[in-house]
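*Asks:* According to Swiss-Prot, the protein carries these features:
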type: ACT_SITE; residues: 92; note: active site
type: ACT_SITE; residues: 150; note: active site
type: ACT_SITE; residues: 154; note: active site
type: COMPBIAS; residues: 276-288; note: compositional bias 'Basic and acidic residues'
type: DISULFID; residues: 45-63; note: disulfide bond
type: DISULFID; residues: 52-99; note: disulfide bond
type: DISULFID; residues: 62-165; note: disulfide bond
type: DISULFID; residues: 107-157; note: disulfide bond
type: DISULFID; residues: 229-264; note: disulfide bond
type: CARBOHYD; residues: 115; note: N-linked glycosylation site
type: CARBOHYD; residues: 383; note: N-linked glycosylation site
type: REGION; residues: 274-296; note: region 'Disordered'
type: SIGNAL; residues: 1-22; note: signal peptide
């Protein structure tokens, strides 16, 4: 499976093919120093002006961010459930606020995309996708949905990312630029390290004041930051910038908040660790999904549904052909004892198995897979964790994979009899 993924990843995407064609026609190659933006030509700008510090008087909005001239790079600290590396915050987004604190949203329905991963791969930016898979995380386990939401709600409202701002435009190039700049800014703002250097580290016993947290982050940023809490728990930080020039190539200058204020209490802020508390008195136990010594529950028997959950939240079910679906009616499956504590599954379409790593049910399946049950979850070869590329949405279905490979969403499957 990994070799196939590697082969597919090496196939040039549409954008790369267009770029090669441009070179063969005598156009400027993409490595040309005058080409500004991540592989395509961004229009030339004259005198660059700093957004929000300069009033709008008819400037070219391909070179001057307006009306969204106050850029917020926002970061999450999700500890329960734990999301992302234990020694790093994660990305929420990059938001183009108005200079007075207002904002626009969902600004261009014609550029509403639901395939961010494919856009990045097609642009030859698997490196960027890998970074996002590590640091741009959704607490519900649906990273692609968060990426889509951030682009559609906020990215489409950045004036300098309009398609006409590119003199040599390649499809979805502005999408790549948006995510590339957001990840770049995130790495320039190492919140975890900044707090740790000030003696502020995740703890189950130590609490902090709002002044301590804000002071450490604001000094490092060069301007006041906004911190957000939920039930006294530190959860989010917002960094504010004005931009001199376009988002793609402009200079991001730290700025004061645009009216947004911190909501954390003055004292008693909890910075909860992402790692489980080893003190049994707090009731935090690591999640266990593997049971190498065999099944730990009664096998599924009879007629029932296969319900899918991500991050402990129910998110649809499996339908007859074996795909994950979040709308409509769950398919009925029959569980039949195979040997010992194992069983097979079948739907109206036929027996079920993992064919080419994908959960599939159909009359062409000659050797049904044998499953077991562990803590009420479906288990295959001792593992209750399965994987998907993307959570289903509307009428869109998703395949379920047995191996992790390049499938970022983790899920579990329970039996509902």
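Each residue, glycine too, has its Cβ placed from N, Cα and C.
Distances, neighbours, how buried they are, the whole picture for these features please.
*Replies:* A strand conformation is recorded for residue 92 (active site) in the three-state DSSP classification.
In the three-state DSSP scheme, residue 150 (active site) is classed as helix. Listed in sequence order, 92, 93, 94, 182 are the same-chain residues six or more apart from residue 150 (active site) with CB atoms under 8 A from its CB.
Using a 10 Å radius centred on the Cβ of residue 154 (active site) and all shown protein chains, the other Cβ atoms total 25.
Its own atom aside, the Cβ of residue 63 (disulfide bond) has 23 Cβ atoms within 10 angstroms in the protein chains shown.
Within the same chain, residues at least six positions away from residue 52 (disulfide bond) with a Cβ under 8 Å of its Cβ are 69, 70, 99, 242, 255, 258. Taken residue by residue with DSSP, residue 52 (disulfide bond) is part of neither helix nor strand, so it is coil.
The secondary structure of residue 165 (disulfide bond), as reduced to three states from DSSP, is helical.
Residue 107 (disulfide bond) counts 19 other C-beta atoms within 10 Å of its own C-beta, drawing on all protein chains shown.
DSSP assigns residue 264 (disulfide bond) to coil, not to a helix or a strand.
DSSP assigns residue 115 (N-linked glycosylation site) to coil, not to a helix or a strand. Within 10 Å of the C-beta of residue 115 (N-linked glycosylation site) there are 15 other C-beta atoms, taking all protein chains into account.
A strand conformation is recorded for residue 383 (N-linked glycosylation site) in the three-state DSSP classification.
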*Asks:* With residue 62 (disulfide bond) as the reference Cα, tell me which of the recorded positions 115, 157, 229, 264, 383 is the closest one.
*Replies:* 157
*Asks:* For a quick check of packing: other C-beta atoms within 10 Å of the C-beta of residue 62 (disulfide bond), how many?
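*Replies:* Here the count is 19.
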*Asks:* Counting every protein chain present, what is the number of Cβ atoms, excluding its own, within 10 Å of the Cβ of residue 99 (disulfide bond)?
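*Replies:* Around residue 99 (disulfide bond), other Cβ atoms within 10 Å: 20.
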*Asks:* Between the Cα atoms of residue 383 (N-linked glycosylation site) and residue 157 (disulfide bond), find the distance and write it as a whole number of Å.
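*Replies:* About 43 Å separate the Cα atoms of these two residues.
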